């Protein structure tokens, strides 16, 4: 496998996070394609989503998104953390050990913002996320930032919009989530806020620039 001088030889573990409708899936797909292009022939970055990607994770995903299942904020946070632990142990760690780059949609910022928006304290969430559910650690956690009004409108416009546990809580909840995402970026050392507004190409350029910069810094550390 040929390696571009723009990427370190060590594999990249990049997170794409943000509110509903911010473009995570689109940008994660673009990032996977760009990493593969930079790495050259034979590169096959692993693209994952949270919660999900494992059998346990997909079942937890269905449970936590079901608005008819009553779950408190603490229980939700623990379920998300359990799904993440499975993804890290079963998929992320083995891929990195094999030298394979990993891109994942949603990670700690989502748990911090969504469960914080539902009442848990910042310190409790950070302690859990960066402790028990926190290894291996990402190279970078990108949070795509858009206005909560735009996020809510995009989520409602999708097929089935407003039907899951979080979308059904309305615009005011999404505003609290946006504030939580911002606090996470301020407090988490690996988190970087990226302007999610503009064309798909413009946002993709910001994302890959941030990933390359963080990967280079991680190599020097």
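Keep in mind that glycine also has a Cβ here, set from the backbone N, Cα and C atoms.
What TrEMBL lists as domain 'Thymidylate kinase-like' is 16-189.
A coil conformation is recorded for residue 22 (ATP binding site) in the three-state DSSP classification, outside any helix or strand. For residue 22 (ATP binding site), the count of additional Cβ atoms within 10 Å of its Cβ stands at 26 [all protein chains shown]. Taken from TrEMBL, the feature ATP binding site covers 18, 19, 20, 21, 22, 23, 24, 25.
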